[in-house]
């Protein structure tokens, strides 16, 4: 590859990361919006930081940092930034694979923990505004009621529950949605991993080409 190929690869990696940097900004913006408006609230009081807003803020921030390193490393042809970009992508990819394996192995324990956490949060519905907001939002969106059924509401279901007496619990409804969309979730996950591998490949290729170009120029 000559200088023209180096420039093409440099700009491909730059715009590749610029797109993800903008995406990270959008995700971060949504996360801040949810935090400010307290949308979805807190369902698991043992993990008070596990809210939609916090998750989006963390994910958006990580994407922005990684994409920024990729953008600057490619456009400046900086080997240090490119390798930092590569290492961060590798760590994220390994973390995703590890998380997927743990979720598969401990699926039953995770289900039990979720049911326990949701059942505990129902007891806080009338005393905690954040929990009330979370349950009202989820029951309205999923058209479900309680954890398993309406019987979970000791004092009667709240107005956010559908009026249908045969309405399903939110835990079961969420599981049904997940399994019915499992193929699409799997495709999206694989696409994300492929994009990460492509980004790593571009970074390594550009890094090696910078070395070759420097040697050819006698630098």
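Backbone N, Cα and C atoms are what each Cβ position is placed from, and that goes for glycine too.
Annotated features in TrEMBL:
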- 144-170: disulfide bond (DISULFID)
- 145-161: disulfide bond (DISULFID)
- 12-35: transmembrane segment (TRANSMEM)
- 47-69: transmembrane segment (TRANSMEM)
- 81-106: transmembrane segment (TRANSMEM)
- 182-206: transmembrane segment (TRANSMEM)
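Within the chain, the transmembrane segment (47-69) has long-range Cβ neighbours (under 8 A, six or more residues past its boundaries) at 17-18, 20-21, 23-35, 38-41, 81-82, 84-85, 88-89, 92, 117. Sequence-distant neighbours of the transmembrane segment (182-206) (same chain, 6+ residues past either end, Cβ-Cβ under 8 Å): 6, 9-10, 12-13, 16-17, 70, 73-74, 77, 82-83, 85-86, 89-90, 92-93, 96, 100. When the alpha carbons of residue 161 (disulfide bond) and residue 144 (disulfide bond) are compared, the span between them is 6 angstrom. For residue 145 (disulfide bond), applying a Cβ distance below 8 Å and a minimum sequence separation of six or more within one chain yields 139, 152, 153, 157, 161, 162, 167, 168, 169, 170. Counting only same-chain residues six or more apart in sequence, the Cβ atoms lying under 8 angstroms from the Cβ of residue 144 (disulfide bond) belong to 138, 161, 162, 167, 168, 169, 170, 172, 173, 174. Within 10 Å of its Cβ, the residue among the disulfide-bonded residues 161, 170 with the fewest other Cβ atoms is 161.
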